[in-house]
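According to TrEMBL, the protein has these features:
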- 1-58: domain 'Fibronectin type-III' (DOMAIN)
- 64-159: domain 'Fibronectin type-III' (DOMAIN)
- 163-252: domain 'Ig-like' (DOMAIN)
- 259-353: domain 'Fibronectin type-III' (DOMAIN)
- 359-454: domain 'Fibronectin type-III' (DOMAIN)
- 460-557: domain 'Fibronectin type-III' (DOMAIN)
- 561-646: domain 'Ig-like' (DOMAIN)
- 657-751: domain 'Fibronectin type-III' (DOMAIN)
- 757-817: domain 'Fibronectin type-III' (DOMAIN)
Amino acid sequence: RESDHRAWTPVTCTVTRQNATVQGLTEGKAYFFRIAAENIIGMGPFTETTKEIVIRDPITVPDRPEDLEVKAVTKNSVTLTWNPPKYNGGSDITMYVLESRLIGKEKFHRVTKEKMLDRKYTVEGLKEGDTYEYRVSACNIVGQGKPSFCTKPITCKDEIAPPSLDLDFRDKLIVRVGEAFSLTGRYSGKPAPKVTWLKDDIVVKEDDRTKIKTTPTTLCLGILKSVREDSGKYCVTVENSTGSRKGFCQVNVVDRPSPPVGPVIFDEVHKDHMIVSWKPPLDDGGSEITNYIIEKKDAHRDLWMPVTSATVKTTCKIPKLLEGKEYQIRIYAENLYGISDPLISDEMKAKDRFRVPDAPEQPIIKDVTKDSAVVVWNKPYDGGKPITNYIVEKKETMATRWVRVTKDPIFPSTQFKVPDLLEGCQYEFRVSAENEIGIGDPSPPSKPIFARDPIVKPSPPINPEAVDKTKNSVDLSWQPPRHDGNGKIIGYLVEYQKVGDEEWKKANLTADSCPETKYKVTGLTEGLTYKFRVKAVNAAGESEPAYVPDPVEVKDRLEPPELILDANMAREQHVKAGDTLRLSAVIKGVPFPKVSWKKEDHEVSPKADIEVTGVGSKLEIRNTVHEDGGIYSLTVENPAGSKTVSVKVVVLDKPGPPRNLQVSEVRSDSCYLTWMEPEDDGGSVITNYVVERKDVASAQWVTISSSSKKRSHMAKYLIEGTQYVFRVAAENQFGRGPYVETLKPIKAIDPLHPPGPPKNLHHVDVDKTEVSLVWNRPDRDGGAEITGYLVEYQEDGADEWTKFQTVPMLDCVVTGL
């Protein structure tokens, strides 16, 4: 029997000897044993062991260690390794004892004085040339076991072997760009050789893509995601004190070529063909260029047309062109590994190289008198052949026919004095150029001129005066001069002078910048006093100045701000979502007020475009959304006061999604949906809700109500056992808002209840440790099939019931009682 049990277990009753072996005991447990003798009359009394016996194997010394090997030998040391004994004697190994014997001596001497558990040891301090043999034994708590078998006699001397190298790669290796490659091999030698990798005579260093792995017998150089720069001659050197070995591999990382080198040169251009040339790619991808692919396209269309893909020369004829159209050429280089990116030319018009000259630019007329004028022009493009003559023509402005001014050649001069004009008539002039191909198009007509004698300077302007002023500007006004000098007044020059200074400064640099009889002089200094004068200007020059009678002190003329509202700034403004909101007002005041727009006392949205002009301001928001609604205010302010107006903006939109969609009262054919109104009604009353359902196995939503104004709906006509998803959206007069869906599918089944109690429970058999029970099904199953019966038992007088197991049938045998 086990020491912690009271029951005895028979082992055997057929033993006639005075000993027996008891099987099936558990290691580590304690047992008592008893023995009784038996004869034909009966069994005698038992004799018991006096104390418990703990079951465990007997402890002995360990077996001998195994596989004692010599790993390295030098002239003064030996390195040995061994494996543990097959059996440790029933107790953990506490240490190993290594012994050596000098050949010629009888005794072994212990090598290790310290306690050693490692199974590797280097014996040092030996004498070169001596020969030893070694053995090792293991110790446990009992003692030292048998020694291992001895090593062969070992003589202390350095082991030397020249390097050997066995490579797994050939002399040449071709790799596609982006692929990985590795160079591997095996090597040996004593002492252990040093391994060095070179690429094009430069030491290879490890990085993110380059990995070098060297073990005592193998070597490997690996490169991930190779690039063209990885091409080169790789060399691995294996070297020790006795010599070296080298292995080589020419690696070529190949790729498609780089684009041909531009620009595309148009060597010849004709009306129906061109001849182009280019330079080869800077990088052929590691493989020679097999051909170039040339394509052409009309510069104003997107369709590329093939020309040829079979040329290896860097020049090509582009045929079948339409005269006058502009073309682009693109060229690809191709090798065995792919096609390069294209080289695209500039646009070039298909036309013959030599043609008539271009039309000159508009000629300029000078030195006009009552019967002559000088026409001046610039030389145009000569069409590829030298210009031999210019043809100058004239016509009266109202006439239609052009007349040559002379039959004599005009060349190389680019100006001509036209005689025989009629005084007072208005003339225009044009010029054409001629070469050996023919006469080119005429220039645009010159500006019309009247044949009259040169004009003189005008008289001064009349009555200049200061009509308005601010803190940094003065507005001047005057009347035209009495005499314009026979020429049109081009404009006026306005000058000012600070009182006390001698120098007059120009308010405008050119007369044509002030064509009217008024001007605002800006950039003045507040509080200073200035004098002003005005000159009239015609083609002959400037008139004498006319002075403003009194000096003017520069300071603001104050007028409080005034707002004149446009119709879109009425008290309330309604805008449909997606439309543009526009708010505007006319603004007055001196100085011009500072304008600021606010929404609910905050800055307006960055999407709002605000425009401020000298007469008013406008705010515009495109593609309005509901959030753009609110109170907008416009404030104008200057030193004389401020004024603010507000407008309420309502952006009308579809409503937001309903909230808190709930499903309750689920039955086999119906359920009850409830929800809350959306947080945002889109600025308009919600007219109705749309309720839809969907079988989870179907992709189609089915509308079950589209006109309900209530926030609930009874979903009827469901199919029992089917899973459904429901969704609800709100509608107002501007459309239907987003749907809100139920969070999880709802199965259309009647609610379940627990089944009733089993009936007529009684036992049909009883043993000393088990009871057989049977019972009948309950009266009600709670709306679902009964899946099993839970059996529990309770010791008489106890409070707790103990679960036994759940069974599927109407019977059960309760065991372990």
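Each Cβ is built from the backbone N, Cα and C atoms, and glycine gets one as well.
Given the structure is predicted, the values throughout are model-derived calculations rather than measurements.
For the domain 'Fibronectin type-III' (359-454), the model's average pLDDT works out to 92. The DSSP breakdown of the domain 'Fibronectin type-III' (64-159), given as helix, strand and coil counts, is 0 helix, 44 strand, 52 coil. Broken down by DSSP into helix, strand and coil, the domain 'Fibronectin type-III' (359-454) contains 0 helix, 37 strand, 59 coil.
Summarised by DSSP class, the composition of the domain 'Fibronectin type-III' (1-58) is 0 helix, 16 strand, 42 coil.
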